[in-house]
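Take a look at the structure set out below.
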Amino acid sequence: SLYDIAPVTPGVAVDLSHIPTDVKIKGFSGEDATPALEGADVVLISAGVARKPGMDRSDLFNVNAGIVKNLVQQIAKTRPQACIGIITNPVNTTVAIAAEVLKKAGVYDKNKLF
């Protein structure tokens with residue numbers, strides 16, 4: 001599955017589905033990631049904004065931390081057994097936020113968060 005809050009995501013999924021493989025891709029958009037998470041064994045979070053000129057790491061953190069927190073809360077409810085990879089910057093803090101969210105939900109497994 002491919003998920004983003006942007007409404008173009010289903011179209012991107014259709015484009016990706018033209019790659020000649022047996023993999024089926026579905027696109028989901030909107031505030032609720034639950035439909036995209038159903039059945040997922042691995043979730044890769046690459047959400048958030050990229051660092052712009054004049055933006056320091058704390059500015060980046062202030063934007064991306066909330067996005068990661070929200071997504072991980074949805075993962076904890078929908079697919080608590082999934083492995084979660086986070087590449088959202090600043091990674092050293094967004095992974096820590098994800099760990100705390102998972103601990104609060106009672107589903108933290110250090111071997112499944114990277």
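Cβ coordinates are placed from backbone N, Cα and C, and glycine is handled just like the others.
Per Swiss-Prot, NAD(+) binding site is recorded for ASP4, ASN64, ILE87, THR88, ASN89. Residues or ranges marked as substrate binding site by Swiss-Prot on the basis of sequence analysis: ARG51, ARG57, ASN89.
When other Cβ atoms within 10 Å of the Cβ of ASN64 (NAD(+) binding site) are tallied across all protein chains shown, the result is 24.
THR88 (NAD(+) binding site) falls outside any helix or strand according to DSSP and counts as coil. Take the CB of ARG51 (substrate binding site) and look out to 10 A: across all protein chains shown you find 15 other CB atoms. Summarising the environment of THR88 (NAD(+) binding site), the number of other Cβ atoms within 10 Å of its Cβ, over all protein chains shown, is 23.
Comparing the Cα of ARG57 (substrate binding site) with the Cα of every entry in ASP4, THR88, ASN89, these being the binding-site residues, the smallest distance points to ASN89. In sequence order, ALA50, MET55, ASP56, ASP59, LEU60, PHE61, ASN64, PRO90 are the residues of the same chain, not among ARG51, ARG57, ASN89, whose CB sits within 8 A of the CB centroid for the substrate site. Residues ASP4, ASN64, ILE87, THR88, ASN89 are recorded as binding NAD(+); their most distant pair of Cα atoms lies 17 Å apart. Taking the Cα atom of each, ILE87 (NAD(+) binding site) and ARG51 (substrate binding site) are about 13 angstrom apart.
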